[in-house]
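Quick look at what TrEMBL lists:
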type: TRANSMEM; residues: A:7-25; note: transmembrane segment
type: TRANSMEM; residues: A:45-63; note: transmembrane segment
type: TRANSMEM; residues: A:93-111; note: transmembrane segment
type: TRANSMEM; residues: A:123-141; note: transmembrane segment
type: TRANSMEM; residues: A:161-181; note: transmembrane segment
type: TRANSMEM; residues: A:202-230; note: transmembrane segment
type: TRANSMEM; residues: A:242-262; note: transmembrane segment
type: TRANSMEM; residues: A:269-290; note: transmembrane segment
type: TRANSMEM; residues: A:296-321; note: transmembrane segment
Amino acid sequence: MTALRRVTPQLLTLAALVALVTLFFPDFLRIEVVNGRLVGPIMDILKRGAPVGLLAVGMTLVIATRGIDLSVGTTMAITGAVAAWSITQGYGLGGALALALLAGVLAGLWNGTLVAIIGIQPIVATLILMTSGRGIAQLVTEGRILTFSHDGMAFFGSGDLLGIPAPALLWGLTAVAVALLMRRSALGMLIEAVGVNRAASALAGVNATVLLIAVYVASGLCAALAGIVATADIRGADANNAGLWLELDAILAVVIGGNSLLGGRFSIAASVLGALIIQTVDTGILLAGFPSEYNLVIKAGLVLVILVLQSPNLAHHWYALRRAAQARRERAMDTAKETGQ
Amino acid sequence: MLLTIRSLTKTFPGTKALDRVDFDLAAGEVHALLGENGAGKSTLIKCLTGAYERDEGVIALDGATVSPRSTSEAQELGIGTVYQEVNLLPNLTVAQNLTFGQEPTRFGMVDRRAQRRQAEAMLEGYGLDIDVGRDLSAYSVAIRQIIAIARAVALSGKVLILDEPTASLDAREVETLFDVVRGLRDRGLGIVFVSHFLDQVFELTDRVTVLRNGQKVTTERTADLDRVQLIEHMLGRALENEVVGHAKTHVAQDRPELLAFENFGRRGHVEPFDLTVGEGEVLGLAGLLGSGRTESAELMFGLAAAHSGGARDQSGALDLSSPRAAIAAGFGFAPEERKEDGIVADLSVRENIALALQARRGWARPVPRAEQLRLADEYIEKLDIRTSGPEQPIGDLSGGNQQKVVLARWLAMNPRFLILDEPTRGIDVGAHAEILRLIQQVTAQGMSILVISSELDELIAVADRVIVVRDRRHVAELTGSEITTDTIVRAIAAPGRDQAEASV
């Protein structure tokens, strides 16, 4: 019940967006079954939203510790390149997936060590990999777009299971699994405690250093999954463009999800809804038929409106206004009663 | 009187930081303002400089009531402040710093030559021979301190507040600074001098005002005081009856030994010390601020690694290399800085209580929610924690109740040795008494406790044995009937006495 109340603003925003897009594009909610798979704008959003959605899951944990991970976009490029390279080298699907995930873990270990052990501010620490990561990815692909044809790998980009696109499934399952892990174990509370007050948590015996490294590793793993999806989708690794600027969309998703950049309380469900909102805006603008040069401006405008509507300040003013109105009404009633007597 | 303060009162949620404090400052005097942490010195200064708005009381400057609402307003009225951390800009030149905010201009541009002349004029009479055109960062902290004073005097010119000005200066620099301060006093300024260094207070000041727990204890001429009296005033003497009801009967008891620290020390923190802890014993650690009290506790809890010696219990040597190791050895530690190191503000009372227990069990074995709630309810009732419920964020609670939650966190762990650093700092009298009673309760059940406190009354009320710390050294150990204000104060004050003498 409280969990539902937590994500109410995000659900309302999503509903309002869907209504808005439907106004411009009446077929928005239509889903058809074509060759045994579900097809329609909604399915498209669920599929295309997968990379940012996956990144947002890891980013939520990092931000809950009062950190930030700017390197997830380039980690996607690295892990995508590793996946494509291992497929072309004949390591098979299992080997490719394992190597890509391992690359994600290494990226997370690097960031986590810089932040938790060396003590560099997260935004600077992860900037290092953000800058150098595309170079690493280019080294892996030897500077070209590394294409492959492997149906098993391609499944993660364009396949489907029970009619649902594989990226959407991967995203949904990851979010549910991580959210359950956080709330069924004590990880959620310990991460929040470290995010609010690392010193006090450490004094209470919480192993803050290991936890901090762990959240960056989790973020790296999520980026690896996103990288696999992106590479599988185009059946090739593009070191220059894979995951470009997606770290910013992931941070935005977490913020739209109402999670504080100052750390502490977090909700993975809300972040994932935030990612859905962003993808709905992206897809909706295209479907509504605006010329593509308007996209970014309209997106920025919509995001601004969403954030303003969700801001606690506004909620406070809104509450104060309602209180004032209520007080006025009561006074009016009192006066009416007195004059009546 | 230049500055008169009458019944100044300032309340923060849960605590009275200043309680009807009177303070007088004459022109041409240096007036020391003393007190331990949390006594109300900073609050008093902040009310004077406009950083805080007072709740009640009168501040009169030259006979006219003033209510500065910002530091710049206070400066215009004539009240200037220089802090320990000099608030100047090291990347600007000395002249730019001195004229900052009122640069002389010509045709709308800063007139560099006039700026230079003005700066040199401001520094006249301070005995400094420096180039005002160089960056401030080129000069030592002492010179920066004097430049800050020059700036404050030029801007305000009636009252000068020096907040711990000598904390980072060496002996010669202190002398230079004192010459400057004496010069200003002779020019007729009223100077408020805040310091923890008692020698400097005796050397420099004309009068002393001591604050404790937000109340003025006394104002006296410095020449009429000696060290012992001054420390007595700062640390308190007579125990208010409502706090504990009765002082502990001090009978030295033989207790089974629980822990022993041998030659335990760390360079720069605290000299190696030997200490045994008995089962169910309350140890007190007395000493002035910065004497090595907190450092001793941090060493025992593994916050800083010991350079020498070690600790052992009946079964052998203990690993105290980190807080986690210390907790595994059955230790607990409620730190002095409650807000920074104790509470996790955004989390609920329930989560704050369960935190240490959860950390010990590891992330994979969560303390069941029902068990957390049971613990929270139990301690909310047992310690009388005033909260709207277990789910209220601890940050919303008053200081005393936050402290009780931190205590509950450790009691839930049932440690064998619990270290409490200033457990009653900044909390109201009622909660104060409850916490002391709690200490007596849990030790009756066999837990051993080390209490660090600036309040001698408190130590006398609860401690079976008192260790006195001075200059980062454990200098005396008092037991039984030796535990009195007099003996403790004498052990703290007496410089140059060795352990044997002091403990007699």
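Cβ atoms here come from the backbone N, Cα and C positions, even for glycine.
All annotation found in TrEMBL is predicted automatically rather than curated by experts.
Below 8 A, the CB atoms of the transmembrane segment (A:93-111) and the transmembrane segment (A:202-230) form 3+ pairs separated by six or more positions in the chain.
In summary, the transmembrane segment (A:242-262) does not lie against the transmembrane segment (A:161-181): fewer than three C-beta pairs, each 6 or more positions apart in sequence, are under 8 Å. Segment contact is absent for the transmembrane segment (A:269-290) and the transmembrane segment (A:202-230), given fewer than three CB pairs below 8 angstroms at sequence separation of 6 or more. Highest Cβ pair count under 8 Å relative to the transmembrane segment (A:7-25), across stretches A:45-63, A:161-181, A:202-230, A:296-321: A:296-321.
Non-local neighbours of the transmembrane segment (A:161-181) in the same chain are 33, 36-38, 43, 46-51, 53-54, 57, 61, 155, 187, 218, 222, 225, 229, 233, 268-269, 272; each lies 6+ residues outside the stretch with a CB under 8 Å from one of its CB atoms. When each of the listed stretches A:45-63, A:123-141, A:296-321 is scored by C-beta pairs under 8 angstroms to the transmembrane segment (A:202-230), A:45-63 comes out highest.
For the transmembrane segment (A:123-141), the residues of the chain that approach it from at least six positions outside its boundaries are 68-71, 73-75, 77-78, 80-82, 84-85, 107, 110-111, 114-115, 237, 239-240, 242, 247, judged by C-beta separation under 8 angstroms. Residues 69, 72-73, 76, 122, 164-165, 167-168, 170-172, 174-175, 178, 182, 191, 215-216, 218-223, 225-226, 229-230, 243, 246-247, 249-251, 253-254, 257, 259-261, 263, 266-268, 271-272, 274-276, 278-280, 282-283 of the same chain lie 6 or more positions beyond the ends of the transmembrane segment (A:45-63) yet place their CB under 8 Å from a CB of it.
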